[in-house]
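Asker: Annotations per TrEMBL:
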ACT_SITE  Ser97  active site, nucleophile
ACT_SITE  Asp199  active site, charge relay system
ACT_SITE  His229  active site, charge relay system
BINDING   Phe29, Met98  substrate binding site
DOMAIN    23-235  domain 'Serine aminopeptidase S33'
Amino acid sequence: MKTTVEIIAGAEPVIHKGSGTGILMLHGFTATPAQFKEFTRLFVERGYSVRVPLLDGHGTNVDQLNKCVWNDWYGTAKKHLFEMRKHCDKVFVIGQSMGGTLALHLAAHYQLEGLVLLAPAMKFKSLLPLLAPVVAPLKPRWKKKDGADIQNLKSRKESLNYDTIPLKALNELKKLMVHVQDDLQDVHVPVLIAHSIHDHTIDFKGSKTVYEKISSRSKSFLELKNSYHILSLDNDKDVVLRESENFIQKHGGSAGMKQLD
């Protein structure tokens, strides 16, 4: 008999069928779709079709995440893209941290209208990922020192994510990052990258490298100074949300708009 793993309350995936313009949002490592709660609310109100999947091993317990390989996360992202394509003629992907890395991989292999990358995971700031293959057999989980990397204390306290880092899964994220480095020149769609200079988790320089190496003719970089890593929940979230919506409209997503009461 197959065992069903219970999803943490608030970590559920979001699927909303709206217009023919779809927005697929991919959350970060150890996080949940709740990272995008304000993005989801706005885009649903605007009339877009919205999908925010719960990536494999997330939103349950950290041991489940340690059972995953990076292709599990990518497979789920790809599945939701294909489902969205069944009724959407335009699809934009917003990816945060690991979700941004997955978004780049999707864009290198499938047709998209544009990418919004929020601190995409391309270069770690910590040495822990380098040590993960050695440490993981002895210590499968590593306690996060100060919780989520969010400057806003209220948002940090309310954020829904694991409080430990599964090291085997962290090594899988590292493999994904290396793999996607070879994809960058194959990304041709419009791209908006946002990253804070005060990010403690993912190196700001990694996003600059992405900006330089992608082949997109239309690309822009939003440098932030009032947030840490999780941009959709931090002090700059309103700026990031506004710029994300403007980007989608600029590149043909206006068909998703409807008049609000």
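Each Cβ is built from the backbone N, Cα and C atoms, and glycine gets one as well.
Any TrEMBL annotation is an automated prediction that lacks curation.
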Asker: Which residues in the same chain, at least 6 apart in sequence, have a Cβ under 8 Å from the Cβ of Ser97 (active site, nucleophile)?
Answerer: His27, Gly28, Phe29, Ala31, Leu118, Ala119, Pro120, Ala121, Thr201, Ile202, His229, Ile230
Asker: Across the whole of the domain 'Serine aminopeptidase S33' (23-235), what does the mean pLDDT come to? Round it, please.
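Answerer: Averaged over the domain 'Serine aminopeptidase S33' (23-235), per-residue pLDDT gives 95.
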Asker: Round to a whole number and give the Cα-to-Cα distance in Å for the pair Asp199 (active site, charge relay system) and Met98 (substrate binding site).
Answerer: 14
Asker: What three-state secondary structure does DSSP assign to Met98 (substrate binding site)?
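Answerer: Met98 (substrate binding site) sits in a helix per DSSP.
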